């Protein structure tokens with residue numbers, strides 16, 4: 001055995017014995033000073049071999065001995081805090097990995113609040129704030145040859161990353177703020193940067209090193225859900241350091257390459273979220289997606305196809321990263337193909353939420369913006385096939401946003417694969433989502449860090465607007481200036497007062513018909529367009545003024561209006577036709593409702609006419625369920641769907657007559673003498689009137705349920721006509737709600753729940769929304785006692801289905817409607833229990 005090594009062992013053993021037994025301050029300080037020589041930084045250093053043996057073999061034992069002696073009395077043996085400072089220096093100046101593990105071991109083994117526990121926690125706080133964690137990671141980056149080194153590193157890794165949880169469990173309410181996760185992980189990110197700077201210095205000096213431990217620290221932190229805290233500090237500094245240094249770029253590439261496979265997704269997601277631009281992401285990741293299969297799967301599939309919660313700038317940064325290098329651009333083309341394949345899948349359209357479809361559409365548009373003309377021409381046929389399939393299944397959707405997505409993406413794709421041909425144009429609402437999607441189709445200018453030319457910029461999609469050139473519009477509004485003294489100035493009429501023509505009315509040769517039969521004749525046989533238009537515009541008011549005459553020809557008039565086509569350009573033709581049809585239905589509800597419901601399942605009707613029937617039934621039912629003073633507004637049009645009964649509108653014609661002067665004086669005097677502590681909005685009570693819809697609700701409701709499962713030659717509710725089925729479910733829900741507290745509400749509710757149960761697993765989102773609304777309507781309209789007495793089995797079945805929808809449905813609106821229905825069920829149960837409980 002080497003005598004020098006044996007001497008170190010003997011010295012350490014003797015020192016531990018003295019520290020354990022002696023109470024003499026001078027003796028203790030002398031012993032600690034002797035041991036401090038092995039850590040360096042003294043005037044009398046030891047041999048390098050002795051220093052290495054002490055650090056690798058004996059240092060942990062010395063630290064444990066120092067921890068065991070920690071007490072207020074032991075530290076006060078030396079006045080002035082000299083012993084305490086010397087005691088702390090062993091933890092702060094020695095090998096950081098062993099000091100850190102001994103500190104963590106001591107804190108975890110100390111039970112309950114105590115002086116030793118808080119002193120060790122404060123020392124650990126000092127250890128962190130003085131940069132010792134960076135020194136710890138720097139030490140792990142050096143080459144290691146010990147057999148036990150992997151196990152030691154694993155222990156060290158778990159303690160470094162799990163420090164906030166471990167300290168929180170040990171200190172509980174006495175925990176220090178530095179150990180909170182929101183404070184610790186940004187500090188750890190700063191320490192990672194310092195460790196990487198040391199690695200760069202090693203490489204510049206020609207020394208060998210590894211960033212594997214730092215990669216594992218980063219991966220474990222991201223797996224535990226703290227990637228935002230650590231990367232918010234790490235990424236901005238690496239962005240600056242890698243801007244002008246290829247060595248720093250290589251270190252960053254190596255850092256992410258050595259992240260364990262189980263942590264690749266978390267690290268990549270965090271980096272993509274934190275990187276401000278594609279060039280920054282390219283400097284941090286390099287060609288990782290080309291070398292690493294797991295990284296390629298995460299970037300090209302998981303972040304784009306399986307997840308959809310990421311922001312639009314993140315998608316742009318991710319796809320821009322793929323477009324910046326020639327080795328990665330084939331992956332961009334592959335991503336576009338896979339996105340379009342998913343976008344064109346009818347099953348995906350039915351079973352994925354709208355948010356995910358919008359996310360995929362944005363990714364497609366960003367891909368198209370990054371690809372050049374030659375690259376797109378190579379895959380032109382595949383793009384065209386996917387586009388046609390996607391447009392077809394989206395235009396068949398019942399949801400307007402889904403249809404709009406199909407139109408916009410199809411316009412952009414067609415403009416890119418056929419730039420020389422006629423542009424494909426659709427008519428859709430110009431809302432915020434449409435503008436955002438069209439903006440994504442135009443690529444941003446390539447940055448200076450782009451390593452590959454992106455080819456010719458794609459032509460922006462032609463978004464036709466009413467005003468093409470603002471300058472031309474200005475020119476058309478402002479007359480051209482004329483030189484002074486011109487003839488136009490002499491002939492000007494500006495000094496004359498303009499004639500008021502605001503009250504002028506258009507003179508018509510045909511007068512408005514005065515009788516219902518004249519209107520029917522004019523609408524069916526008249527060739528005079530002015531008379532036809534006048535009949536249509538005056539029909540609604542005439543129906544309300546002549547109810548008896550209307551009932552004589554109500555069915556005939558409803559038939560004429562249902563089949564009426566626009567012969568000439570009439571403003572608001574559809575609204576006028578619908579208002580007149582609603583007025584006829586309100587005037588003679590039983591006969592007209594029988595006719596309309598029988599025609600809903602009839603042959604040779606368009607989908608538009610069938611949906612018109614449903615709209616008219618709902619509007620008429622809404623009008624019948626209101627007081628007459630609200631529904632008979634012959635001069636102001638029919639009731640608008642969704643309009644609530646307002647007390648101000650319920651005042652009758654007689655109630656609106658001006659009061660006499662003496663009554664006004666008396667009321668004013670009373671009002672001035674009255675002291676009021678609070679005053680609400682003035683309201684007039686509505687006079688009680690019967691609900692006219694209650695007697696005819698069955699004629700509106702039950703015929704619509706009879707043949708929904710019987711396909712016709714041109715009409716199949718359970719097949720392709722899902723839009724009409726969705727409108728039918730919403731119509732039935734509205735009729736059920738308007739039949740509240742009526743005698744027919746119970747059989748209506750039972751029939752509606754059976755209808756819902758038959759269609760509860762329908763794939764169309766719009767249909768499921770209507771079914772869920774129908775359940776809520778039943779719960780609101782049928783009395784509680786009748787619900788639980790007549791429909792207990794149906795409610796139990798509906799409850800289990802609602803719970804399943806609230807948890808698993810892909811559509812957010814469906815989940816929300818299911819939760820509301822469940823809350824209504826709970827409220828009904830609580831109401832029943834409170835009413836059945838004995839009163840004290």
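Any Cβ shown, glycine's included, is placed from N, Cα and C.
Looking up the ranges 333-387, 388-442, 443-497, 498-552 in Swiss-Prot, the one annotated as region 'Disordered' turns out to be 443-497. The modified residues 374, 419, 422 differ in how many other CB atoms lie within 10 Å of their CB, and the one with the most is 419. Secondary structure at residue 422 (hydroxyproline), taken from DSSP and collapsed to helix, strand or coil, is coil.
Counting only the Cα atoms, the space from residue 422 (hydroxyproline) to residue 374 (hydroxyproline) is about 20 angstrom. Residue 374 (hydroxyproline) is 12 Å away from residue 419 (hydroxyproline) when you measure Cα to Cα.
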